[in-house]
Amino acid sequence: MRALVVDDSRAMRKIIGGALRKLGYETVEAADGAEALEVLKSGPLPDLATIDWNMPVMDGLTLVTQIRANRAYRTMTMMMVTTEAEHGQIVRALAAGAHEYLIKPFTPDALEEKLALLGLLPEVAGA
Amino acid sequence: MTAGFELEELGHYVEDEALLQIVMQMWDSFFSTVEPPYPAFEPIGAEGPVLCASVSISGARPGLVTVTVPQATASALAAVMLQEEALPEDEVHDALGEVANIVAGNVKALVPDAGSLGLPVLSTATPRLGNGAAEVGRMDAVWRDGWLSVIVWLS
């Protein structure tokens, strides 16, 4: 399985990407929403995108909205991974089209649990 | 109601205990392979070169969250967070910026009518928020040979 990790922090891209690779994912990265759209245009469609909220150039909520508006990306699951912890923000993200929401800080176990709920653990998907 | 009383009320939303809880939760997530910091009983005065990451909070009561550490502590924290030694300066700055971002995001959830978070800004001194802002929450802690100081300002 393939995941796109979108976060303006290189540290977070390493942490999230590392956790996903341990679970069996191949990962690609983007530092903001606009770069993420370029990655989606140029490569095979990932199964999963983890998307930060606050980023320069294009924020995560705008990215989720743009991805959801494009039928070609319908099969990709989007999970917001962000410090935005208010209930209202979670509702906004899910209403825009995000499938799941993970608040930073998180543990690798929490990430794995969310992926299991989505049926996106590589071993689960292959079972 | 005086402005001072209002700020005191905001202090109840961002209690020092809540700040400590946020920091320890982050520690459990990203620094669990090393010993945790322990709270200092008094505010720590900065001696020597420091690095500060700050993130602004917009909204009805604009504010700022700062995370200040000695530069050597910043490098050590980044090495633990990314599990890589001898990281270049920009990666150390990026890691500390993300620490401040995570603390600020969780602080914002405690502040009524908060707006959005700014992007992390790095500096070599702890900035102060002007225009009637006050310190409403603070957590100082000791870690290894260094320390970290987290301050929440709201106006």
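Every residue, even glycine, has its Cβ placed from backbone N, Cα and C.
Please treat TrEMBL annotations as automatic predictions, because they have not gone through curation.
Residues or ranges marked as domain 'Response regulatory' in TrEMBL: A:2-119. As annotated by TrEMBL, 4-aspartylphosphate applies to A:D52.
As a summary of secondary structure, the domain 'Response regulatory' (A:2-119) carries 57 helix, 24 strand, 37 coil according to DSSP. Cβ-based neighbour count (10 Å, all protein chains) for A:D52 (4-aspartylphosphate) stands at 29. Predicted-model confidence for the domain 'Response regulatory' (A:2-119) is 96, expressed as mean pLDDT.
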